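Notes for the one structure printed next.
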């Protein structure tokens, strides 16, 4: 089991097995945010005994993964959630489901987002929906895939939009977004697990309430953050974000099923840069405003998160792919 002091997930091990230098894997991935210098003053530790005080032994065991693998800052921020009935029922469901199904990402990677991007480091939040459900893809960061895995269609379109927005961006041949996460970009899915080859299978089991709590914490306790919301699902999840304290950027989902509705022209990276640098929001053009207000019906029908399903793989053939 990985410890919190080890931000790399099992993806790092995969890179080593392939003989890949992780620094070279990252070299062509341009970052659009600077590392945060904020640090947490609270050095106390949340232990299993303190988190599960008063709970029976079986219930206590359900929370071991959180204490073993979650970043301490996030453990403290979300401590109240772990004892709530919905979360304990979620953990019971996961324990039962894992006996008969393969679950992604691997257990040690479920909370990798928290280790890569502790509360004190968060500057940008990108919301996904569902982990990738094919073998070797999901590792706990939304839209990201492990080293050596071909970038899925949605991520290809993200790169394309970045290139349109920032012409100097060098499009990488990989989809490993570790550097984004390390530099303050919280890559958070609404649901943190999924059954293999079964998109949305762990939705509405309790994860959404948990990740809502994470978003609410950032919204209430921090200021000057950038929330990037792609697609109708993310738009709804971000409704409570205080726009007086934070910058909220909306666009259609990058899936090939909806990206042509305005995603490629969203300019979210340059807008985030300007806000983080100057503390002011750039004025969106008329086309930008139109794009964020429209949610393509096919996206809503498909219930797309970041999942690359058969329909998306077929649709990508109609979209110009960046090499």
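Every residue, even glycine, has its Cβ placed from backbone N, Cα and C.
A TrEMBL annotation is a machine prediction, not a hand-curated record.
Summarising the annotation, TrEMBL assigns region 'Disordered' to 1-26, 282-323. The domain 'Uracil-DNA glycosylase-like' annotation in TrEMBL covers 115-276. Taken from TrEMBL, the feature active site, proton acceptor covers 130. TrEMBL lists 287-303 with the feature compositional bias 'Basic and acidic residues'. Marked as compositional bias 'Low complexity' by TrEMBL: 308-323.
The average pLDDT the prediction assigns to the domain 'Uracil-DNA glycosylase-like' (115-276) is 96. Within 10 Å of the C-beta of residue 130 (active site, proton acceptor) there are 28 other C-beta atoms, taking all protein chains into account.
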